[in-house]
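What TrEMBL annotates here:
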- Lys99: active site, for sulfotransferase activity (ACT_SITE)
- Lys99, Gly100, Gly101, Thr102, Arg103, Arg182, Ser190, Tyr292, Lys308, Gly309, Arg310, Ile311, His312: 3'-phosphoadenylyl sulfate binding site (BINDING)
- Cys293-Cys303: disulfide bond (DISULFID)
- 90-334: domain 'Sulfotransferase' (DOMAIN)
- 12-29: transmembrane segment (TRANSMEM)
Amino acid sequence: MLFKQQALLRQKLFVLGSLAIGSLLYLVARVGSLDRLQPICPIDGRFRPHGQDEIPLRALQFKRGLLHEFRKGNATKEQIRLHNLVQQLPKAIIIGVRKGGTRALLEMLNLHPAVVKASQEIHFFDNDENYAKGIEWYRKKMPFSYPHQITIEKSPAYFITEEVPERIYKMNSSIKLLIIVREPTTRAISDYTQVLEGKERKNKTYYKFEKLAIDPNTCEVNTKYKAVRTSIYTKHLERWLKYFPIEQFHIVDGDRLITEPLPELQLVEKFLNLPPRISQYNLYFNATRGFYCLRFNIVFNKCLAGSKGRIHPEVDSSVITKLRKFFHPFNQKFYQITGRTFNWP
C-alpha cells in the first residue's frame, strides 16, 4: 500500500513539474512574440527631436499609461511632478479645414509616441471671449507631456477666421501649421451634411444644398454661403501668408488620408522633424465602418466616432459641375502657392 502511495505521489509531482516547465516555456515564447508584434516602438529605439536630450521610447510608452490614469483622476500630482510632466503650448496646430479630416489627422498623429494631442477643440484664437482669458488659460487647456514632446491641438475654424493668423504669430512666430484639405465641392457638401444632420436631430427643416450653394437671382455660385467660402482655400491661405512663410505650412491630402493614410502621415512626421514611428501595423481597415482604425499596441485599438463618414445627400449634377468650374482657378492658385498638386476636377 505504501509503495502504491509513493508511486502515485511521484506521478503527481512529475505532472506538476511538466506543467510548470510548459508554462515557463510558453511565457518565454509569448514574450518573444510580443516583442515581434510591437514594431512601432522598439524598446532600444531612441530619438532626439529638435536637438534635445534623448528619452527612451519605453519611457514615452509608460507616459501614455500614466497620462491616461491622470485623466481618469487615478494619478496623483506627485506622480506627475516626479515624471517631469508639464502642460506646454502647442508646437504645431492643425488650423483647418472644417470637414477636411482634422479629427482623423489628429488621432492618427497621436499614434506617434512623441506626439500628445489636446482632446477637445480649444477655440482660443478664434473666440474673442476665450482669447481675452490670456495665454496662460490656453496653456492650462493643454494635456500633460514631456518637455521633449510635441503638443498638438486642432480647431478648424482657425483657418477661416481673420484675427487668428496674427494672434498665433504673437504667441509663436515659428510654430508649424497643418492644413488638411479635400476636393472643394465634396468638402462643401460634407459641411452641409453635418449641419443638415444637426437640424434633423432637432426636427427642424433646412434648405436643400442646391438652394444654398447657388444664388437664385443670378444662378451663379453663392459666395456668401459659408460652406462655399471655406472651400476657397487660396483666399484664406493668402491671409496667413502675411504672417508666416509657406515653409511653416504643411498641406495634408484629406482624400488620400481616407484611402491611404500611411504615406500622408509619414510626410507629416518628416515636416514635424519626428523620427518615423507610425507604420502599417498601426492602421487597419475596418470594412464595416469603411475607414481605417488605429492600433496603438496589441491590446488598445481605436476607431473614429460613428459620425465620421456620413452619407451625403444627392446633389444635382449641374450644380456640382458649376461648383467645380467655379473652384478650378482658385485650386490652380492653391497648387502654385503650396507646391502640391491634387487630382481635383
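In case you wondered, yes, glycine gets a Cβ from its N, Cα and C as well.
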Closest of Lys99, Cys293, Cys303 to His312 (3'-phosphoadenylyl sulfate binding site), Cα positions, recorded positions only: Lys99
Query: Once near-sequence residues are set aside, which residues in the chain of Arg310 (3'-phosphoadenylyl sulfate binding site), 6 or more away, have Cβ atoms under 8 Å from its Cβ?
result: Ser190, Thr193, Gln194, Glu197
Message: Counting across all protein chains present, how many other Cβ atoms fall within 10 Å of the Cβ of the residue listed as 'active site, for sulfotransferase activity'?
response: 24
Statement: Filtered by Cβ under 8 Å and at least 6 apart in sequence, the residues in the chain of Cys303 (disulfide bond) near it are Asn286, Arg289, Phe291, Cys293, Leu294
Task: Find, for the listed binding-site residues Arg103, His312, the residue with the lowest Cβ contact count at a 10 Å cut-off, counting only other Cβ atoms.
output: His312
- line: If you rank the recorded positions Gly101, Ser190, Cys293 by how many other Cβ atoms lie within 10 Å of their Cβ, the lowest count goes to Cys293
